[in-house]
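Contents: one structure, followed by commentary.
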């Protein structure tokens, strides 16, 4: 039997739960339109507060996921996986509950009907009530929530989250958030009933309360250890993310709201709190990756598809959404800034067989790779990333899509030739001349291939690479019309709607072009970019790779993973060795990678 107040009444409403704000919105509209200057503004204030509170949680989440800034100060080194993201999907349920309670309290207590904008006395009163009532109340009730029935039926959900983040602060049961309403309400209502309340106090206290809760759950240490060494008494007045993370991992200590003083009085301070805080500040929790996938940005819209912009959006395959239009100008300006001043940065990571795999991004967008004057700068970025990985003792670095473009750097040969003593193995997974390898591989299987190329010299060169008895399976064509009866098209360059019309009905378009072609034909099917699903024992993976499904990575990423897992010690750059295609394929399947 489900315990009372252990689940949200609007759990099954999905996005329609936001319609529950409807009465507040209706009241704001009605007041503005018909009350003629006597509009009741507190429903508007409640809605604004909800938006600001949600923004605080989102901004802390963005900060946590800016791994290029925070990786050395993360308390728990594990990644946030898809399971945790799904668990916390409705983290903002508590805002709906507390907006209703706020409206109810406002209409029930006359002293808060007409509050001044600001009264400095209210801040002092609220501080005294917070320290004297809210802090000890939270401490003792929180300890109670860690016992028996209350923990099993209620608080265990909050502690089921493996890696605390700001959204974890909002993830709890209705009973817990009703209790938090009391904790938050005591200082505010107390100040109002004593005649010192103000609108500024309501905003300030509520937002500061959320800010500190998000900080404690952020999993990134933001308070310097030197501050506590210089002013030891601060250890008792303000908790840290490290302090609260110990509460989440060990569950039997550090119960305070914001002030460790009450753990001292209750005898529940974790003895490792301050030594661990010092270690985190010194960056001792940092790890060196064994494998790096060097990605790049596709376009302005997809640049938003990263965890530090929106963790929820990044955890789903990329698709254009209307809300992107609102932030597109900011993303465009960011693109210009990155073009002018930026370097390769860490985007995401996961662990496979206990080894750390990281995804770095070259701060360049797809169109920039086709600008002649931008090529040297892009190669410089890639080269610096390779040298950085080499200095860090990374085992394998895999180049993504355009980063190993044949016209850009010869499929990575430029870097290997220039730096012949690299310890890191550079892998392309598949170069931009993938069409050549596919054509040769298929003709060896005695499958007839129509190769579209205007260069007879290039065709003949590729044809001579095939065994003599298979060469007649390769046929040169110069126009798309030649494939009017061919229902399998393997596409390595972007096709316009007109060019696609030459394919017969029922054609399957297999593609390895970035960005992928747009599916204009309803009577044809369009495959996604070549990809593999990572093994099931992958840990901490919480970001989708562009349009790929969860747990699926591009072929060039998968190729690098196989290279690392096999322990191969050669570079894999330049033209694809057709003889090794089956070798790599069998190795991928052996290690648990499967076709997607």
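Yeah, the Cβs are placed from backbone N, Cα and C, and that goes for glycine too.
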Listed range which TrEMBL flags as transmembrane segment, given the options 304-322, 323-341, 342-360: 323-341
Where TrEMBL places transmembrane segment among the ranges 62-81, 122-141, 142-161, 222-241: 122-141
Of 93-110, 255-272, 273-290, 363-380, the range TrEMBL labels transmembrane segment: 93-110
The annotated transmembrane segment range in TrEMBL, which must be one of 17-48, 177-208: 177-208
Residues of the parent chain within Cβ reach of the transmembrane segment (323-341), under 8 Å, 6 or more residues beyond its termini: 297, 300-301, 303-304, 363-365, 368
Mean of pLDDT values spanning the domain 'Very-long-chain aldehyde decarbonylase CER1-like C-terminal' (427-595): 92
Sequence-remote partners of the transmembrane segment (122-141) [C-beta within less than 8 Å, at least six residues beyond its ends]: 179, 182-184, 186-188, 190-192, 194, 196-198, 201, 204-205, 255-259, 261-263, 266
Helix, strand and coil totals (DSSP H, G, I; E, B; other) for the domain 'Fatty acid hydroxylase' (128-268): 100 helix, 1 strand, 40 coil
Chain residues outside the transmembrane segment (177-208) and at least six past its termini with a C-beta under 8 angstroms from it: 5, 45, 49, 52-53, 56, 93-94, 97-98, 101, 105, 109, 111-112, 115-119, 121-127, 129-130, 133-134, 137-138, 141, 257
